[in-house]
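**Q** Would you mind keeping the following structure in view while I ask a few things?
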Amino acid sequence: MVFNLTDGTASLLVSGLESQAKIKYVTRQKIFKRKLSEFPLCDTRPDRKLKLFGKLWRPPSPGTVPLDRSKQPWKLLHVEKAWSQGHCGAGVRVGIFDTGLVSTSGHPHFARTVVRERTDWTRTPDGLSAEDSMEILRQHDASGQSEEAVDGHGHGTFVAGVIAGTDVSLEAIFAGEETETLACPQPGIAPLAELYIFRVFTDTQVSYTSWFLDAFNYAITRKLHVINLSIGGPDFLDQPFVDKVWELSSNGILLVSAIGNDGPLFGTLNNPADQMDVLGVGGVDATGRIARFSSRGMTSWALPFGYGQVKPDVVTFSTGVISSGLDQKCRVLSGTSVASPVVTGIVALLISAATEHNLQVTANGTLLSDSTVPINPASIKQALIGAAVPLSNVQVFGTKSVRWPQTTDTSGIFEQGAGLVDFTESLRIMERMKPQATLIPSYLDLTQCPYMWPYCSQPLYATMQPVVVNVTVLNSLAVVGSIDEPPIYHPYMDRNGDLLRVRFTYSRRLWPWVGFLAIHLDVQPGATRSAQFSGVAEGFITLTVRSQMEFGGRTAESHLVLPIRANIVPTPDRSRRILFDQFHSLRYPSAYIPRDDLTRKNEPLDWLGDHIHTNYRDLYLHLRKSNYYVEVLTGPFTCFSATNYGSLLLVDPEEEFFPEEIEKLFADVTFYGLSLIVFAEWYNTTVIDSLRFFDTNTRRLWIPETGGANLPALNDLLRPFGVQLGDSVYAGDIKIGRRKVPFSSGTSLLKFPQQNISSLIGHGSVLRARLVDLGDQFIRQYRKSTAFANERLNKDNMDTDPDIKQNSPADWRLTPGADDPSPPILGIWTPLVVPSPGGRLAVFGDSDCLSSTHITTNCFWLADALLQFTTSRLGRIPRPLAEQMVQATATNLDSNARVPLRPENSSLYRISNVLRNDKKFFTMDGLLPSEAYQKLRDCPELNESIVIPATTNSSNVPVYGPQPLKLYPPLQKFTFKRGCSFHHKEGETSSKQYFPHFPSRPDLGFLWFDSFIVYTLIVLFILLLYKHVFHFRGLILWCLNATARSYARLRYRLRFYFFRLIAQEQDANPILRDLNLRNLHPLSASH
């Protein structure tokens, strides 16, 4: 239920509802922070004109090559082979959650498409209950056409055309016409699928969580098989939405969702495609290379404490796809929202083929529980993932090959998942697959680059932070499963497997259909051999998944084996080891964390995770090329030994710091030789307030919880060192010699040590640069807009909050002039005594230049300079930088800035991993009281795993590649009819469409034949028994056996005959169809 309440009554009602035992939680009505995933395909590179056969052309940018009109997805995936066998998606119920569907009465592309139902969830007629409203929305006029859920945007119509568009083109294909003449319309992947249209987006792409929840509930009642969601967004913490997706999956409905169009950045996965139970689909271009716009992994649910899972699951064609438009013509779109319906259509064909296979199995008299294939979300994902082809092995030309030369794709597992969808192989697997559990990925080869990036990018060594591989467990045995015994690690003793330490965290309960297995890898501690070893270590992991089968109640087991191989090197010198702090990073959707670059108004939220494998990926690659070893800290500063590392890299922290962390870090730097490098961000309470906005849809005021970084907390951390950052916000470019460093929205130094830190004798220097005061421009603009809003409130006598939009004009002045300030934005401190027990200190006022987010120029060379300063024996820095540094005297510090304070209205404590979440504490003299902090978090302690050594031999040689699925032996099939039948009107389906492998009425010939055999053998048995009972004993036994088998087959087929009659009556009667009798066991149906 959705309530619109005033602020005064909302908290009272919410607390009352939450106190009820039967209410799980109460959440605000939210605007749906997801978007339709279509993408304007364009190549932004400058023209490079080359001659080709007398014509000027520009070679394509990788990942942007569009499909040719004669080589559309259905053709490249060889779907017509399945059509020729009668696999056309008949009887499969497909839900399309989108902007609706064009009126099909006059649209030739949908004249024969089976549109079962249309529902519009974007409006509710006044004065009616939700149930009555939806009953009205489902009504059809006399012609059978719905007046509701009509698409005015075009996206939903395009998606429906990709899945199940039908026209003369399909019949022309079977007639053997050249596809060059069939550019429009393109046939749908599953032309006989039954479509259920759910309009959940308005024509202006507005939606609400409550609309989806209502539509999902209705989809469950309609017993859909698959739902296409060509949508996505970063809000994976929209708990009601996430819970409802799990409920859909548990009801046997597979969700196919676009992975997003925020590539080529990593960490840009969209929800719900990033959920384990959802099939997340990425995109490739016409040459089989990852589409530039396709979002990349990892999933960010586990951050900052763990590591994400592999997504997308699979990829398919997504550039230059042709489908239906609103104007009865065709249009061309690109994006992962195009790839998603392609896979949805394939899923419909797989379900259709598997259903027909199971019917054929029962017709052959085979016991259902022993040879039928599972049809559920997990089994479909297993078939698609198990058949997918890694892009490095793909040779495909979806365009003119002479014009578009193909190169080998080098994308990794977090870009392509299992690889390109192979429909032919998926169909073969789906028709023979046994119920089983599988792993994603199914093997771990940490030496296989680039596919296994980032795991292959850095070897293992002693004393390093554990590398976490988050494996997904798919279970097609049943919706609920369990891992009752801990996984076991089996080291190959003859392949150095004993040097690997393998530990586990895992979900003991698998639901719905899925779970996780987190594998923590490091080198066995303590042994001298471990610290000096260089080579490859191998072993394998075993675990067992158990589920109670749906039919019969028996417990089934699936035994899994995960091969593992990793490189190990001698422990590097501490000067080459960098520890990257992840624990103190916060991001959207846990809270409104604003962007780091204030001038980038189109990206209001910081949602990429700030991880070295997401938006700091390019920095990580640069450091690895410079022979640094980078490790990730996922716990407090109390959870690492400073003597192992040369530098701690603290970038853009939004979290608070435990008092114990502050004390330990100071000791690490001053006594244990650890160097500290800080890249800060902007912070100003007035600027933070200017970024608030009132959402008129949800009637909620959004206020940032902190700035680009949490400078009050960072100042608390740096106070023992004599460092303090200010609240002024500066922007511009810093020139150092011939180099230029972008400074997008950063802070300055109020204090910096000139000489000693504690008992260490040292020297401090700062770098000053002329920059624009961006914060002052924000504040001036904010005050002007606030004054206007207040004037409007007084004039209109309104009693609601003003609609304050985000304060980001496009005309910011970013080029400094002679009158602009020159604040200190970089400070470095080094001890003067060499060697010294202490480390070095470097603080820079901005971090956006390290991120891969929308920057044209990075500052990696500055990071190199600071690492050279902190790790070299004498603290050297490049000469151009040294020449511009000045002594850190009071006159060279920023006297105009103020000390940043924590905002009084901040709710950071609600999402903090450091502060207490139950109560808000106010600052005293700018400091939080000790009562405001949680108890210090314990460092992660993992139980040692069970280890059972193994050795390799000819029978157990490890295979480091996709592990094969368990399949039934091939089954002899009936003779299939060719093509897809269209003998129906919209909204009707005949039995021929659902059972294309069988006649329209059951043939009773096989019943009479079996009856004749049974009675003939009985008579023969009686005659032989009286005349030759002692001389023909073998013949008598053969007759007995044949009689028994024939009688059993006759009895079983009679049962299945009645089941088929029920199924055909169900097709003809919509009331029976809603009962979903096809999911019944044939034996139970006969009872």
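Each residue's number is its place along the chain shown, starting with 1.
Using N, Cα and C of the backbone, Cβ positions are placed for all residues, glycine too.
Annotation source TrEMBL lists domain 'Peptidase S8/S53' at 89-388. Sequence annotations record features per position, and here TrEMBL assigns active site, charge relay system to Asp98, His155, Ser337. Annotated domain 'MBTPS1 third' per TrEMBL: 440-571, in sequence order. Per TrEMBL, domain 'MBTPS1 fourth' is recorded for 572-872. According to TrEMBL, the compositional bias 'Basic and acidic residues' annotation covers 794-804. Residues or ranges marked as region 'Disordered' in TrEMBL: 794-817. Annotated transmembrane segment per TrEMBL: 1006-1026, in sequence order.
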**Q** What is the interatomic distance between the Cα atoms of His155 (active site, charge relay system) and Asp98 (active site, charge relay system), given in whole Å?
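**A** Their Cα atoms are separated by 7 Å.
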**Q** For Asp98 (active site, charge relay system), what is the secondary structure by DSSP, using just helix, strand and coil?
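**A** SS state of Asp98 (active site, charge relay system) = strand.
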**Q** Using Cα coordinates, what distance in whole Å links Ser337 (active site, charge relay system) and Asp98 (active site, charge relay system)?
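**A** So the alpha carbons of Ser337 (active site, charge relay system) and Asp98 (active site, charge relay system) sit roughly 10 Å from each other.
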**Q** Which residue counts does DSSP yield for the domain 'MBTPS1 third' (440-571) in the helix, strand and coil classes, in that order?
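**A** Counting residues by DSSP class gives 14 helix, 67 strand, 51 coil.
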**Q** Please work out which residue of Asp98, His155, Ser337 has the most C-beta neighbours within 10 angstroms of its C-beta, and give that one of the active-site residues.
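**A** Its Cβ has the most other Cβ atoms within 10 Å: Ser337.
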**Q** Would you identify the secondary structure of Ser337 (active site, charge relay system) according to DSSP, in three states?
**A** helix
**Q** Would you report the average pLDDT that the model assigns to the domain 'Peptidase S8/S53' (89-388)?
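**A** 86, rounded to a whole number.
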